[in-house]
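J.: Below are the structure tokens for one structure; questions will follow.
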């Protein structure tokens, strides 16, 4: 029996009372709705609480005794989860507020840059307008002054009428008579003087010349550059996931984000050189790379003997049959290659090896220890474990490989590393070893960060298509030689470290070299066919040796080449030298055989040493 005064509402249906125990569900209490059609306990065996047996209620209580500690544990766990959730959310909220502050601060910087640029342009417009205003004021004042001087001597009668009357009166006198000068004559004499003064001054000529000094300018904006800037603004930020458990997802998301940005801004990605199969006069198949023939090997077909370059592809058969070829120096393993690569299969003596998307797993010893130059081409889809690349390799090229590198993947022997078009694997600190001396970077998709490039690197080249912002610290202070080709993101102050001694802006470089971009550590500067004009102070005073060559065609107006230059080398330049292009007291000028201009216009000091040499 149930006491009437006790509330017995169902937890699922609060307007109904608990009346039954479900015999099929561990004696869980139920109401009439629980057992009705659509209820969770419909057609289950039930026992009424009004007539429940002692054994059933005892069984339920014992079951509850077992369940209750789990409920307590569940509540405690939920409370801990709630606490953790609150802490995480509070941290997220705090970070959200910080992010908003950072966002506002960074965009304020951008707004300030744009405001300064706008003020500078407005200042130029104002200066030009003030000059035009001065010209207008000068002309107006001069002409009005002449008109005022002329008008103040006029009376109500016209000058012509007065002159006619005076001449008629004078003609009545004999030539020898004395003429009595009246007031009209005095007026005419004064007016005559004023007229002669007006005609004899040079104001008219000066004013005509001043008309030519007017400068009516129209401001124009380069929409292509504006669109590039708009697109590149998407590269100035990224989102980092701060959850410790999601680091891998974070890396993947960041890489995908960077890849998308790169794809959006580079629709003309350069691909690895396409390899087409050709047939020579002896009916031997070959492919050509960098104008060199690699004959395609197959054990079932005739093959030229003693070839220095061989390519092995899908279905080529065992490589053991080529071990006799002592001339073999260059090998390609093409897409689909699936033959054994156990140690010793590739013969010693190979010095250059290129590996594409092969199906055979590389093992330690697969690559001979004679290989000094190694390339992993687009599509290579294996993990490069420690020891796969032998310690004989000095030159390593990495294209669009599909597995991330590990610390130790690149051996300490590698001194020259090329990251080629499409390379997209993370470059966490330590991936590139501290033995690398020369690093060449093409149009890669992975984002460089501070620490990606070790301090051991002394020579760096950024090739066409590189499209990342080189913020301060990306290029480490150990680099002393730096080359730029047609990179896509403008350099900023700090992009070039103070350690750079030798700097080259090579063919196609299309960024503005504003003052401060080139650091004061640079002593040797080479300018080739760059696409943007230089400014005064673009070249810092630290530069003592300047080489201008290879079709350079930007104006060399006075002041562009600073007086600090001691030695100037001139090659095949397209721009015309003018007086002041070269500092008059420069110490030495070296002229290449392709230089075809006279230096007379530069009016150089007699002390300047001029000699002819071949530029390198």
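Cβ coordinates are placed from backbone N, Cα and C, and glycine is handled just like the others.
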J.: Scan 203-238, 239-274, 275-310 against Swiss-Prot and say which stretch is down as coiled coil.
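T.: It is 239-274 that Swiss-Prot describes as coiled coil.
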J.: Tell me, what is the mean pLDDT of the repeat 'FNIP 6' (552-593)?
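T.: Mean model confidence (pLDDT) across the repeat 'FNIP 6' (552-593) is 93.
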J.: Same-chain Cβ contacts of the repeat 'FNIP 1' (337-379) under 8 Å, 6 or more residues past its ends?
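T.: Distant contacts of the repeat 'FNIP 1' (337-379): 271-272, 312-314, 316-320, 322-323, 325-326, 328-331, 385, 387-402, 422.
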